[in-house]
Amino acid sequence: MSFSSLVQDITIRDAPRRRGEASISTIDDRASRTSHISRAMSYASTAATSVSVSGDISSQLHAGYCHPLARSWQAERQLTKSMLIYPLFISDQDDEEVLIPSLPNQYRRGVNKLITFLEPLVHKGLRSVVLFGVPMRPGTKDALGTAADDPEGPVIRSIQLLRQRFPHLYIVVDVCLCEYTSHGHCGILRDDGSLNNQLSVDRISDVAVAYARAGAHCVAPSDMNDGRIRAIKLKLIEEGIVHNVTLMSYAAKFSGCLYGPFRDAAGSAPSFGDRKCYQLPPGGRGLARRAIVRDINEGADIIMVKPASQYLDIISDAKDLGKDLPVAAYQVSGEFAMIHAAAKAGVFDLKAMAFESTEGILRAGATIVISYFTPEFLDWLSD
Ligand SMILES: NCc1[nH]cc(CCC(=O)O)c1CC(=O)O
Ligand SMILES: [Zn+2]
Ligand SMILES: [Zn+2]
């Protein structure tokens with residue numbers, strides 16, 4: 001390789017690493033060219049020295065993988081469209097289509113707005129959605145979360161509509177009561193404000209069965225009440241529909257500050273207290289491992305970890321404990337909003353970070369990613 005072609009090679013390889021530099025030919029800065037040339041000269045002399053002096057090849061680690069394709073082969077698994085599940089907020093106002101202020105580019109939509117929104121995404125390769133119902137009508141919420149399985153409610157009607165219009169779309173439905181209870185907690189309360197486990201699990205398994213009967217391919221209880229995986233599995237067996245339904249457990253769901261935009265979107269913030277008695281403490285790796293093992297033993301078909309990027313060790317534990325189960329990770333509303341905010345502040349490029357964060361999640365062991373970036377990924381993965 002001639003010296004000038006080496007200079008050319010190094011300058012071109014380095015150029016795209018700098019944000020805002022379109023290509024080397026647009027750079028006017030002479031100083032930058034000179035520094036590339038002097039670096040190239042020092043690379044050239046180092047290379048010559050190491051070959052002639054030692055011939056030691058054991059320290060040459062990155063050198064052989066400079067090509068983008070060779071770099072991509074370093075990953076055990078790479079993001080594909082079929083790994084993505086896109087969260088949708090479905091309002092009981094059928095014609096509503098409202099931007100959620102704290103969740104960039106995400107809307108709350110009524111049933112009548114779903115098809116036109118989803119049609120182009122399905123054509124781009126969208127394979128799966130997860131539905132969250134959002135009752136907006138005053139007077140809909142009560143202590144038992146009665147509206148959760150209302151046959152005329154937005155979730156059940158959406159399941160039926162989507163099954164009919166998009167036969168290849170895999171429909172996951174989040175199962176919880178917090179969107180539907182007057183107190184905003186994920187179950188039924190005792191007089192002292194704590195969750196009544198038996199009543200909550202009974203009610204939640206009824207709701208899961210109602211969604212499954214309506215045609216959901218997958219039910220995903222996010223309430224975190226102890227024993228709900230077993231209760232749902234048993235009820236699905238009893239009803240004779242267990243062979244039609246995947247049970248995805250939010251097995252390791254941590255309480256923390258990353259669900260804020262979701263609670264805005266779904267109107268599901270608790271009216272008093274917090275969820276610390278039923279969601280995991282952020283430091284609780286052992287408790288998460290026990291919850292994962294428990295839910296596998298209770299009949300979960302897929303294990304989910306949530307949030308994702310702050311809990312990569314837990315994703316890795318889930319992969320380890322559930323070797324033969326698919327592991328899902330939910331990159332939650334707060335993670336998504338944070339990436340958007342940082343990109344807006346110029347910290348990094350949005351697309352680059354969307355990929356980098358997802359790559360971390362896959363590297364940790366997930367094979368399913370629930371992500372608000374799904375529409376963008378469908379474009380980016382087509383480029
Ligand atoms: N139990 C409902 C539920 N299901 C998924 C999320 C969070 C999803 C997100 O933040 O994107 C929540 C919120 C919560 O537990 O408070
Ligand atoms: Zn179509
Ligand atoms: Zn809930």
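Yeah, the Cβs are placed from backbone N, Cα and C, and that goes for glycine too.
Given the structure is predicted, the values throughout are model-derived calculations rather than measurements.
The Zn(2+) binding site annotation in TrEMBL covers Cys176, Cys178, Cys186. The Cβ of Cys176 (Zn(2+) binding site) lies under 8 Å from the Cβ of Ala148, Cys186, Ile204, Pro221, Ser222, Asp223, Ser268, each of these being in the same chain and 6 or more residues away along the sequence.
In the three-state DSSP scheme, Lys253 (active site, schiff-base intermediate with substrate) is classed as strand. Cβ neighbour count for Lys253 (active site, schiff-base intermediate with substrate) (all protein chains, 10 Å cutoff from its Cβ): 26. Taken from TrEMBL, the feature active site, schiff-base intermediate with substrate applies to Lys253 (among others).
Around Arg263 (5-aminolevulinate 1 binding site), the C-beta neighbours below 8 angstroms that are at least 6 residues distant in the chain are Ala269. Feature annotation from TrEMBL assigns 5-aminolevulinate 1 binding site to Arg263, Arg275.
As annotated by TrEMBL, active site, schiff-base intermediate with substrate applies to Lys306 (among others). When secondary structure is read from DSSP and collapsed to three states, Lys306 (active site, schiff-base intermediate with substrate) falls in the strand class.
Per TrEMBL, the feature 5-aminolevulinate 2 binding site maps to Ser333, Tyr372. Secondary structure at Ser333 (5-aminolevulinate 2 binding site), taken from DSSP and collapsed to helix, strand or coil, is helix.
Comparing local CB density within 10 A for the binding-site residues Cys178, Cys186, the maximum falls on Cys186. The Cβ neighbour count for Arg275 (5-aminolevulinate 1 binding site), using a 10 Å radius over every protein chain in view, is 21. The shortest Cα-Cα distance between Cys178 (Zn(2+) binding site) and any of the recorded positions Lys253, Arg275, Lys306, Tyr372 is the one to Arg275. Same-chain residues with CB within 8 A of the center of the Cys176, Cys178, Cys186 CB atoms, the Zn(2+) site residues themselves not counted, are Gly145, Leu177, Glu179, Thr181, His185, Gly187, Ser222, Asp223, Ser268. Between the C-alpha atoms of Tyr372 (5-aminolevulinate 2 binding site) and Arg275 (5-aminolevulinate 1 binding site), the distance comes to 23 Å. Among the recorded positions Lys253, Arg275, Ser333, the residue whose Cα lies closest in space to that of Lys306 (active site, schiff-base intermediate with substrate) is Lys253.
For Ser333 (5-aminolevulinate 2 binding site), the same-chain residues lying six or more positions away in sequence with a CB closer than 8 A to its CB are Ser102, Leu103, Leu258, Tyr259, Gly260, Pro261, Phe262, Ala265, Tyr372.
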